[in-house]
Structures are given as C-alpha cells and as structure tokens.
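Positions annotated as phosphotyrosine by Swiss-Prot: 28. Summarising the annotation, Swiss-Prot assigns N6-acetyllysine to 214, 578. Residues or ranges marked as region 'Disordered' in Swiss-Prot: 607-628. Sequence annotations record features per position, and here Swiss-Prot assigns repeat 'WD 1' to 28-67. Summarising the annotation, Swiss-Prot assigns repeat 'WD 5' to 208-247 and lists sequence analysis as the type of evidence. Annotation comment: Swiss-Prot describes 292-334 as repeat 'WD 7'.
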C-alpha cells in the first residue's frame, strides 16, 4: 500500500534529482552574503548567503581562524536570518521556499516550515513576544510563535500559523517592533503596508516610494518606520499621522540595507553605490560617509555591545564580510567632516576594515565539454578548474589560465547527448538530472576509462551509473539475498554472489555529496548527504520521495534501452557500382564506423565477389575461414566510408558523424567505396 501511495505521489509531480560538487567542509562563504546576525553574549557572528550555507564565526579578534561551524540544510540562497530566544534559536528564510528553525548553539536544523509557495525573502522578529514573521514572493506573510516552533518533534510536528493577506506584489522587506504590535511590509508595489499582528487587521497603506522597498525598520513602540528603496531614498514615516515626515537623499543609487541605533536617532544605510553613511534623523543635512565597500551592500549589522555602537558588520555581493569601526563617528559634527551636499565627494571615516572574515571564490562561468562528462569552470578569482560530473569531484585546478584556450585544448570530435543541466546560482556546481534526458547518454566502458573484470567493453549509461552511485548507501538499492533459499543458491554459485552488491560496480561519488530531490519548479522535497541514505529516517523519507524513474534504475536495475539511429547505406558515385535498393537501416547510435565498414565488406563486397567467381573445389565461401579480427583488418584495408563526401575515421560513432558531419535534417546517409590499390 505504501509503495502504491508513493508512486501516486510521484505521478502527481515531476521530481528531479540534483547534487552539489563541493568539498566536505566549505569553510568560506562562496558567494554574496544576504544576512547577518550578531550574538554579543557568545561573540559569534552568523552569516547566511547565496551559497545556501549559514556559517558561524568567532568575532574574537585574537582568534587566528574565526570559522566555527556550518549549518547546512537549505538548497538555495538563504535570504534572511534572525536570532531568537537570547541567541539559542536561529530562524532562516530561503529561496528554496522554506523557513527553517535551528539550534543556534549546536548548529543543527530542528524543523522545516513549508508554508510558503515561493522564495522566502524576509523575516521580522518581535523580541518581547518571541514572535517571527516571514514573507516572500508568494505575497504572503506568516506569523510564527518561536516557543511553539522550538517544541516541535517528529511526532508533535503540527504548527498553527496566522497569515496577513492583502499584498498585491512580491514582498522584499519586513519589520516588526519589539513589542509585536506593528508589522510593516515593503514590496515591488512601492508602498508600505501596515498590520496589527495581534488581530491580523490591516491598518494602513503608505505611499511615497517610486521603486521596490528593500529595507524596513520600526522603533520600539511602533510609532515610526524607516524605509530604504531602490529609488535611492530613505524615508521616515509617522504611523500615527500615516504619512512620510522626512526624506533622506543620501545615496546615488538604490538603498538596500538599513540599521538604526536603539534611540532611533541615527540611521546607517548602504546599497548599490557601495557606500555606507550614518545620517542624523533629526538633522537630515548632516551625514558622514563611514566607508566604501568593494561591492554593493546587501546587509548590515550593528554591534550593540555599547552605546553608541562601536562597530558595524557589512555584507555585500562579494563573499568577504567586513567589520568597520564607528569610534569617533558621533564627533563628526564638531570636526566639520560631514556632507551636506551629496554631490561633493567626501573622505570616508574609515579606509580599512577593523576585522575581515575572508570569503572564498564563486564559480561564475562554466563550459560542458563534448564528452558530456567533464566541465571547465572559471571563478571570481579568475581561476580555472576541471571537474568530473560523473564522479562528482574536482579533477584539477588549472590556475589563472585562458578559459577559451582550455576549452579549445580539450575539444574532441566526439558527440554525446546532453543528459544533465548545470546551475551556478550558489557559486558551486549544482548538477540536475531530469527524467526527460537523464538516460540519453551511453558510452563504452573503455571510452569512460573503466575496465570490466571479464575484459569485455560493455556499454554504460552515464545517468544510470550516476544515480546508482548517488543512492549507493540506500539499503533498498542493495542486491542482498535475504532468504535461505536464495543464500543456498548463491552458495552454490560461489561466495562472491553472497556479498551485498552496492552502487554501480565502477566508481563511487564522495560520501559527503549533498543529494536533493525537488520538484521541477524549485521546491525542495528532501535533501540529504549521500552517506546518510542508510539511516532509518532518511531511508523512510527516500521511500516516500524517490520518483519511479529513479527506482527503475537503482532498485529494480532496469537499465534504459539503447538509442537507435536510422541511416541509409549506398555505394559512392565514384565507385561506379549500381545504387542499391534504398533500405532504411537502424543501429545503436554508439556503433562505430568500422563496424559499418565490416558490414559493407562482409555482406556487400564479399557477396559481389562471390557472384563473380566460381565456387572453389571444396565449396567453401570466401571469408568463411576468416576470423572476425581478420575481417575487421581487411575491411579497414579495403573499404572507405564517407558522409557528405568526407572520409570517416573508423573510430567515430554514428551519433558523432550525424552531429559533426551530416549536420542536416532527415536520416543520415553514408556512402562506401573500395580503396584504390
């Protein structure tokens, strides 16, 4: 019954399989950092970003290596995080459409909330009420009681949520006051919408911005709101008066990040122009340029360990996170080093960050080579690398070499059908397998660099082999004789067969490889590490998630059928031979040209010779005593095969001929002729 239910479930949705080629421990942010949270009690900084990983860092400057741990469960960009319960719990929002609840001290995911139907872009937190709100591109806002979320278990896994409706466009920013009495959302609608989270009642809509509202802040009692927009302005709103009471034109481009001191007197702003300003809200003409980053600013986090704040952490579209000192900033008025005309360039307060959390490189360019197995990539440091998709690993770092030259250098006149797709969104290689083309690529074991125990050269399906390797640890895929009768049979056949057979028998992928089952629209159904599929819980979830097209290969061992290619075989015009009846032939698309040459020699040329000569005295037909190898040698000596008047390499296969030489619609046509002696 369970299996029947699983197949029905799989039938209702198209499930893809993805995996990430990466190191076991990814110590450094590999892409832009979208969110920051500081835990001053433990001197820890949490970063969350576009590589899908949340990392914990020590902000103790005496520590040589600040990295503490990674929190991994998301499969797409992490867009926002909030620390709750005095730093014990972390809530995260992601483009994988989930909100996750983490034990922040121990670094593990406690539960996953799947209420959103699209990217979750923003979170808001009411500290006094332990209330969190989440919002995103599905235009929905959901309210979560943190104490309820942290009490969820495998058996007690139902949670009730309130929702705030009324947004007409995708939500990009969210704010809630500490008391949990006001919530504000910002969206591409260019307005601020305001609710009372206690009653879910809509209170007002505030107009004034002319572009997306990317950042929002509320004061403690919820009477004032600050907003930053892609229109380049910061606005201060009075919720009591339901209007904008001040507009700050500080930046040259969009404002994407805001922070404010506890007294709500100074706003810190950053955005597309890479500059970070501090502006006195009471005197809009007075502002100081704190620093200039090397990339657009995505998020900032004030160090609130003292008042005024001694420093600010800044995250950008690059992977490095910087801490900038704010010491002396509130004396800028006296020194006169401030900007009251944003058209005049001013000197930044800081030219170097006080502390740096170094980031790693992000892959920004890739090229799939002709063998449809290897990939060349280029990263943000201009380093080129060579990867093996089949074995899910990096083969070689090539350094700062010319990317296009490396592609040309590795070009082979070979055609293998596409059987996977590549995504670079996280800055790492994510490979996706889809039922529609996963099994399109067959190669010979020899061409793939694999040897068979019996010395044969079997045909291997790349997608099938990879799926078997990804699920190698899942007990359901193991060939394991369970009952006594089977054991007796295998005992007769020898000890070898009595062993559990795992994987594909040719190669393994790194056990730490993340494997993701997701709907073909982006929603993740299940993520696990390759090595964990033997666990009881993981195995049960795989039973519910793995689609039938993967079961067929990994569990039932039903390999797909070979791809056939139709073609016509005719004598070349120069041979003077009579054109044959145009029979449409069909063969495996991996069939080598030499095999067609053998067919021509044995079935056409030899038969012609036989009809023109008398039978020998012992009535033996020509070629009967020739071995297969001799026929192959003779065929290559005597026969030429051509396509589009180009003589073909005997090692080329039919699909390569069709792709590189035929290059036309309709069925492939090959011509043969005898070599001139």
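Sequential numbering from 1, following the chain as shown.
Placed from the backbone N, Cα and C atoms, the Cβ positions cover glycine too.
Within the group of modified residues (214, 578), the Cβ with the highest number of other Cβ atoms inside 10 Å belongs to 214. Same-chain residues lying 6+ beyond the ends of the repeat 'WD 1' (28-67) with a Cβ under 8 Å from its Cβ atoms: 74-83, 86-87, 90, 92, 94, 96, 102, 104-105, 107, 295, 298-305, 313, 315-321, 323, 355, 357-362, 425-428. Counting only same-chain residues six or more apart in sequence, the Cβ atoms lying under 8 angstroms from the Cβ of the residue listed as 'phosphotyrosine' belong to 67, 319, 358, 359, 360.
Reduced to three states, the DSSP call for residue 214 (N6-acetyllysine) is strand. Look at the repeat 'WD 1' (28-67): DSSP puts its residues at 0 helix, 20 strand, 20 coil. Note: the CA-CA distance between residue 214 (N6-acetyllysine) and residue 578 (N6-acetyllysine) rounds to 76 Å.
Mean predicted confidence for the repeat 'WD 7' (292-334): the pLDDT average there is 90.
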